[in-house]
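For reference, TrEMBL has these:
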TRANSMEM  16-40  transmembrane segment
DOMAIN    90-212  domain 'Phospholipid/glycerol acyltransferase'
TRANSMEM  311-330  transmembrane segment
TRANSMEM  336-356  transmembrane segment
Amino acid sequence: MGLLQLLKGQFLCHLLIFYVFLVSGLLVNLLQLCTLPLWALNRQLARRINCRLGYCISSQMVALLEWWSGTECTLYTDPESYPRYGKENAIVILNHNFEIDFLCGWTFCERFGVLGTSKVMAKKELAYVPLIGWMWYFQEIVFCKRKWEEDRRTVAKSLQNLRDYPENFWFLLFCEGTRFTEKKHKISMEVAESKGLPKLKHHLLPRTKGFCVTVQNLRGTVTAVYDSTLNFRNKETPTLRGVLSGKKYHADLYVRRIPLDSVPEDEAECAAWLHKLYQEKDTFQEGYTQTGRFPGPVVNLPRQPWALLNWLFWAVLVLGPLILLLLQLLQTGSTLTVLCSLAVCIAVSGAVHWMIGQTEINRASSYGNKQAPLNNN
Ligand SMILES: CC/C=C\C/C=C\C/C=C\C/C=C\C/C=C\C/C=C\CCC(=O)SCCNC(=O)CCNC(=O)[C@H](O)C(C)(C)COP(=O)(O)OP(=O)(O)OC[C@H]1O[C@@H](n2cnc3c(N)ncnc32)[C@H](O)[C@@H]1OP(=O)(O)O
Ligand SMILES: CCCCCCCCCCCCCCCC(=O)OC[C@@H](O)COP(=O)(O)O
C-alpha cells in the first residue's frame, strides 16, 4: 500500500475533509440566506446565484468521489444522443440500489455542466439534513412526503415553479421511491402480482404517480427522459464510508434518451409506459449481471478539474485560520481550551457519522416494507 493510500484511510484526513465541507457549507448556506431579498427583486438572478452557490457544496462530494477515491464512471450511450446531454432539460430515471447512486448521478451532472442546476424529487426528511438539505431549499428541489394525498398538490406546485427555470436542468426521479432491499423487493413483487404485472428481478415496482405528475407539469419545458441504469463492476456494493477512505470503485451507467413526446399524456397510459420501461431496465441489469457490460458503445468522459479546484479554494480559505488557531492553542492554550477543542473534534466527527448514516441502506426508512392499500387515488 502506497503512502497516499495509507493517508486516505486516516481518521485525521477524514476529519479535515469534513471540516472543510462543514465550514464552507455553512458559509455557503449563509450566503444563500442573504440572497432571500433578491428573490423578490430579480428571481432569475437569485436562481443563477444559488445554482453556483449550491455547486460549491455538491461539487465537494463529487471531488471526493473523483479525485480522492479515484472512482471511475463509464457512460454507455448512443453517440447520437450524447451531444444533447447538458444542453436540454431532461427527466432522469435511475435505479435505486446503491448508497452512492446519488453521488454518481452528481458526477455525471458535473461532467455535463449541470451540477449546480440538478434537481431531484427527494423525500421530505432530507430537507432537514444540514448543508445539503438547506442548500436544496434554495435550489428549488421538489420534496415529497411519499403520501400522495399530501404530495399531489405540493409536488405539482414545485414542478410548476421549474417551468421558467433560467438554465438547463436535469430532474432526477428514483421511481422505486426507496432503496432496494430484499424485503421491500418481495413485498413490491406481491403488489406486482396482484396488479397482473410481470415480476422484476433487480428493481422494486416503480411508483408511477410521481413520474406522471412530473411529465404532466414539465411537458413543454423538458424535452427528453434519460432512462439511466447504474451498476458497479465486480459486484461491488459501494459506500460513502468507502469513498471517504479512498476506496476506488468503477461505476457503469447506461443511458437511453427518449423524447418526451413519446411518453403518453393519459395518466393510465403513462403509468403503463413506466412499468414497461422498468421491465426493460430489468433486462439491462440482467444482461449486466451475465456479461459485465451494458449494451451500446462506451463514451469516454474525462473528469473535469473544477470540482477539485473548488475544493482547494475552500480548503485554503477555511484551513488557514484553523491552523493558526491550533498553533495559538498549542502555545497559549490552557488545559480547558485544549479539552474544548477536543470536544469540538468529537462533535464534528459525530456530525460526519450522522450525515453519512443518512446514505446507509441498513438505516433506510420503512417505506415500502408493507403493502400500501391498492387504489389510494
Ligand atoms: C447522461 C447522464 C444521465 C444521467 C445521470 C444520472 C443522474 C443525475 C441526475 C440528477 C442528479 C440530481 C440530484 C441527485 C442528488 C441527490 C439525490 C438523493 C436522494 C433523493 C432521493 C429520494 O429521496 S427518493 C425518495 C423520494 N422520491 C420518490 O419517492 C419518487 C418516486 N415516488 C413517487 O413517484 C410516488 O408516487 C409519490 C412520492 C409521488 C407518492 O408516494 P406514495 O407512497 O403516496 O405513492 P403512491 O401513491 O405512488 O403509492 C401507491 C401506489 O403504489 C402501489 N404500491 C403499494 N405498495 C407498494 C409497494 N410496496 N411497492 C410498489 N408499489 C406499491 C399501490 O398499489 C399504488 O398503486 P397505484 O397504481 O394506485 O399508483
Ligand atoms: C466532502 C465531504 C463529504 C462528507 C460526507 C457528507 C455526507 C453528506 C451526505 C448527505 C446526503 C444525503 C443524500 C442521501 C440520498 C439518499 O440516498 O436518500 C435515500 C432516499 O432516496 C430513499 O430513502 P429510503 O426510503 O430510506 O431508502
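In case you wondered, yes, glycine gets a Cβ from its N, Cα and C as well.
Predicted automatically and left uncurated, TrEMBL annotations should be read as such.
For the domain 'Phospholipid/glycerol acyltransferase' (90-212), the DSSP counts in helix, strand and coil order read 57 helix, 17 strand, 49 coil. Tertiary neighbourhood of the transmembrane segment (16-40): same-chain residues 46, 49-50, 53-54, 56-57, 60-61, 64, 68, 130-132, 134-135, 137-138, 244, 311, 314-315, 317-319, 322, 348-349, 351-352, selected by CB-CB distance under 8 Å and a gap of 6+ residues from either end.
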